[in-house]
Amino acid sequence: MNGPNMIIPRTGIGLDVHAFAAEEDPRQLWLGGLLWPGERGLSGHSDGDPVAHAAADALFSAAGVGDLGTHFGTDRPEFAGASGVTLLAEAARIVRAAGFDIGNIAVQFVANRPKFGPRREEAQQVLSDAAGAPVSVTATTSDGLGFTGRGEGISAVATALVYPRHHEGIGQSASANLER
Ligand SMILES: Nc1ccn([C@@H]2O[C@H](COP(=O)(O)O)[C@@H](O)[C@H]2O)c(=O)n1
Ligand SMILES: C[C@@]1(CO)OP(=O)(O)OP(=O)(O)OC[C@H]1O
């Protein structure tokens with residue numbers, strides 16, 4: 001039952017896909033907030049980190065304050081080459097400014113490589129520091145199927161849980177608080 005003083009958490013979802021850059025392109029791979037030396041880079045306006053981007057989009061979705069394009073559009077030259085960690089930290093700042101606290105973020109990416117397991121703790125630490133809340137990351141292959149199976153790109157999906165810091169009028173004030 002929803003009492004007048006009950007805090008109702010909100011979930012959000014984010015999905016991001018980046019294609020691998022051409023083989024001759026010197027872009028480096030950024031994934032889960034980490035640099036992966038020797039791995040082929042992903043294309044993108046920013047550093048192309050789908051894990052960080054999906055996490056940021058899940059936060060925006062949970063707070064109901066738009067999405068990645070709303071806040072970090074590709075028409076904004078200041079985000080060219082931007083680090084996914086920086087975008088996630090900025091997304092968390094925006095969501096908190098809109099009146100929400102962040103419970104957690106969970107991300108799963110789909111790729112044949114890099115092999116993520118050995119660097120999971122490192123990635124989770126970097127992303128959790130950026131979000132100021134626990135971020136967990138899991139990885140899977142698509143069993144050789146689809147664009148991820150063919151090694152054409154990497155996809156990531158994320159969920160986030162946020163909850164309003166103050167109960168009153170949060171539905172109306174989320175956008176207004178963004179301006180403050
Ligand atoms: N890039 C990846 C992909 C997967 N893993 C780990 O391997 C496990 C098995 O993958 P399946 O595709 O067969 O589910 C998976 O659960 C991950 O632990 C990985 O580290 N890096
Ligand atoms: C992050 C932004 C902005 O630099 O660019 P991309 O790196 O291309 O990433 P995408 O996931 O397509 O999201 C759009 C933009 O907000």
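Each residue, glycine too, has its Cβ placed from N, Cα and C.
Among the candidates His53, His71, the residue that TrEMBL annotates alongside Asp16, His18 as binding divalent metal cation is His53. Across the residues annotated as binding 4-CDP-2-C-methyl-D-erythritol 2-phosphate (Asp16, Val17, His18, His45, Ser46, Asp67, Leu68, Gly69, Thr140, Thr141, Ser142, Asp143, Phe147, Arg150), the two Cα atoms farthest apart lie 31 Å from each other. Checked against ligand 1, the recorded positions Asp16, His45, Ser46 give no residue with a Cβ under 6 Å from it.
According to DSSP, Leu68 (4-CDP-2-C-methyl-D-erythritol 2-phosphate binding site) sits within a helical segment.
Separating the Cα atoms of Thr140 (4-CDP-2-C-methyl-D-erythritol 2-phosphate binding site) and Asp16 (divalent metal cation binding site) is a whole-number distance of 15 Å.
Its own atom aside, the Cβ of His45 (site 'Transition state stabilizer') has 15 Cβ atoms within 10 angstroms in the protein chains shown. Of all the binding-site residues listed here (Asp16, Ser46, Leu68), Asp16 has the Cα closest to the Cα of Thr141 (site 'Transition state stabilizer').
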